[in-house]
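The structure under discussion appears below in the form of structure tokens.
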Amino acid sequence: EKDAHASDSDENLERGNWSSKGDYLLSMVGYAVGLGNVWRFPYLTYQNGGGAFLIPYTLMLALAGLPLFFMECSLGQFASLGPISVWRILPLFQGVGITMVIISTFVAIYYNVIIAYALYYLFASFQKVLPWSDCFSWADEFCSKTRLVSDCNATLDGEIIHANYSFITSNNLTCINGTMNYKPVQFPSEQYWNKVALQRSSGLDETGNIVWYLALCLLLSWMIVGAALFKGIKSSGKVVYFTALFPYVILLILLVRGATLEGALDGIEYYIGRQSNITKLMEAEVWKDAATQIFYSLSVAWGGLVALSSYNKFHNNCYSDAILVCVTNCVTSVFAGFAIFSILGHMAFVSERPVSEVVDSGFDLAFVAYPEALSRLPVSPLWSFLFFFMLLLLGLDSQFATIETLTTTIQDIYPKVMKKLRIPITLGVCILLFFLGLVCVTQAGIYWVNLIDHFCAGWGILIAAVLEIIGIIYIYGGNRFIEDIEMMIGKKSRLFWLWWRMCWFFITPVLLMAILVWSLVTFSPPTYGSVLYPAWGTAVGWCMIIFCVIWIPIAAILKIVKAEGNLCQRIVSCCRPAANWGPYLECNRGERYSHVVDSKKEKEHEIPTVSGFVYTQQ
């Protein structure tokens, strides 16, 4: 085993080389805390019973999010390997790691496009009057900041008539209360988003031209990512001190400002106050929303947690890290909701609409509703700049970790090449992904962004997570994995492991399977707003997800073919850890042997290690 591992140790570049614990923790927080905390969680809370939604949200954190988060952090730290090479633990499942890396690649392509949107709005905020604050030359007749009456009933010469509003006003008549019909108007910010920022086409069929200013913003965003990662974690670990912490400062500023506005209390009450509805907990959809939000918010099964943890020192307390990062992520989501809804409440107050009509999720919240609300504040360019600067930083944090996942994978596969050519390879990855992302900054770009998000960030991640937990707990062995963890963080009591065993062995895999089946059963073709995707667009989405997961059976077949013996023997050998599985550094591997000798009373001459290999006592 020493000979099998010697070359690995010689080629090791940075394992155990985070400059400080703070670098690692902030990188993990930055990876977990992203745009979804700002534009998805507040909306889900409002939609699913207000404050009552925090009950299933917290339970899903404990039952699904935290167990998987802890598992991946422990796995990466124990082996000091990236998401593909770490499957030396179970060669048959190496395709799961490949799937994670491919999905992360797809996500990196469109995620930087969203960062480009934030950059565009950030630059557009440097104007005395925000360009989306009113219906300017680019607007059409449906643009309005207030509701427009289309027609109504009125009294004329003692008779009730129904007429359009222009006739009513020209004859100095008054609409009868409750009879007014309104035109389907759009906020200026909505039309600016579609007509100016995106130059959005009618659908996926109409690609149109590349929007040059979005392409430049995309190039700038990739330049920022490349500059932050040119030395790997040594450089990105310092950048995150600003990119991970400053968004909290901006959120606090926006919350204080929003709380002082008229109508802010109405917004907060809609978010978590009087709309709290305990009966909502009887609906399965609420629990599904809580589970999926936790699952995606913590970024489990993307490969990034394994990659970042692989640079930890062997005896780092990954358990306390997992608790801290998960709790920070969830508290951030709740905190962001107060900041968002206080200002949306003011927007509803000014526009004389209920909060429900200005609340939305995703792009509409980040680039339509919130900009519209900010445009109504005094010194609006300042608040707009702060908001989009916060979105930029939140996006960059997650993007740093995603690209680090890709470079860590390359490092594990080609360590000598990566050692000599780290900077050119990192820049090459950024340049390649920039060109692949150009389709997302065409006039049909938003449809591509939505399509990739709908498919690649959905079922592929769930499939990878289910197989990950089944492979490690049921094939490699849950108790064996626990012993590996105890080598790093110290011996723990049976009571300590009771909860984790319950989750890993039963609750978490069952929950993930339920979410996966539910998602497939309730599948509906993707749409963007009211625009339906063509059949070929849905087919492309399925092809993308198939391309992501097809490597799981392909890798398994290749491993079986390369193994020796009959079919049954080959499968059994592929379900055992590889010869070079274990702690990366030789000193830790020796320590691992001592741990097994001390903790297990084995046969007199043979002592199996926790990996299943046999040391013979001399």
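Quick reminder: no glycine exception, Cβ is built from N, Cα and C everywhere.
So that you can see what the record holds, here are the features copied from TrEMBL:
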BINDING   G30, A32, V33, N37, S297, N329, L394, D397, S398  Na(+) binding site
DISULFID  C135-C143  disulfide bond
TRANSMEM  24-41  transmembrane segment
TRANSMEM  53-71  transmembrane segment
TRANSMEM  92-123  transmembrane segment
TRANSMEM  210-230  transmembrane segment
TRANSMEM  239-256  transmembrane segment
TRANSMEM  290-311  transmembrane segment
TRANSMEM  323-349  transmembrane segment
TRANSMEM  382-403  transmembrane segment
TRANSMEM  423-446  transmembrane segment
TRANSMEM  458-477  transmembrane segment
TRANSMEM  498-519  transmembrane segment
TRANSMEM  539-561  transmembrane segment
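Location within the structure of each feature annotated in TrEMBL.
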residue: G30; record: Na(+) binding site; contacts (Cβ under 8 Å, 6+ apart): V240, T243, A244, D397, S398, F400, A401
residue: V33; record: Na(+) binding site; contacts (Cβ under 8 Å, 6+ apart): A244, P247, T328, N329, T332, L394, D397
residue: C135; record: disulfide bond; contacts (Cβ under 8 Å, 6+ apart): C143, S144, K145, P188, Q191
residue: S297; record: Na(+) binding site; contacts (Cβ under 8 Å, 6+ apart): A32, G34, G36, N37, R40, F41, G65, N329, C330, S333
### Query
When neighbour density is defined as the number of other C-beta atoms within 10 angstroms of a residue's C-beta, which of the recorded positions C143, L394 has the lowest density?
C143
### Message
Using a 10 Å radius around its CB, how many other CB atoms surround S398 (Na(+) binding site)?
### Response
25
### Message
Quick check: which same-chain residues outside G30, A32, V33, N37, S297, N329, L394, D397, S398 lie with their CB within 8 A of the centre of the Na(+) site CB atoms?
### Response
V29, Y31, G34, G36, S299, T332
### Task
Could you tell me whether the transmembrane segment (458-477) and the transmembrane segment (53-71) are in contact, taking contact to mean 3+ Cβ pairs under 8 Å with a sequence separation of 6 or more?
yes
### Query
With pairs 6 or more apart in sequence, are the transmembrane segment (92-123) and the transmembrane segment (423-446) linked by at least 3 Cβ pairs under 8 Å?
yes
### Paired segments the transmembrane segment (290-311) and the transmembrane segment (498-519) in contact, 3+ CB pairs under 8 A
yes
### Query
Relative to the transmembrane segment (323-349), which of 24-41, 210-230, 382-403, 458-477, 498-519 accounts for the most Cβ pairs at distances under 8 Å?
24-41
### Task
Grab the same-chain neighbours of the transmembrane segment (458-477) for me: Cβ-Cβ under 8 Å, and only residues 6 or more beyond its ends, written as numbers and ranges.
68, 71-72, 75, 89-90, 92-93, 96, 99-100, 103, 295-296, 300-302, 504-505, 508-509, 512-513, 515-516, 519-520, 545, 548-549, 552, 575, 577
### Message
Tell me whether the transmembrane segment (210-230) sits in contact with the transmembrane segment (382-403), defined here as at least 3 Cβ pairs under 8 Å among residues 6 or more apart in sequence.
### Response
yes
### Query
Are there residues at least 6 beyond the ends of the transmembrane segment (423-446) whose Cβ is under 8 Å from a Cβ of it, and what are they?
105, 108-110, 112-113, 116, 198-201, 203-211, 214-215, 218-219, 222-223, 225-226, 229-232, 363, 403, 406-407, 410, 417, 452, 528
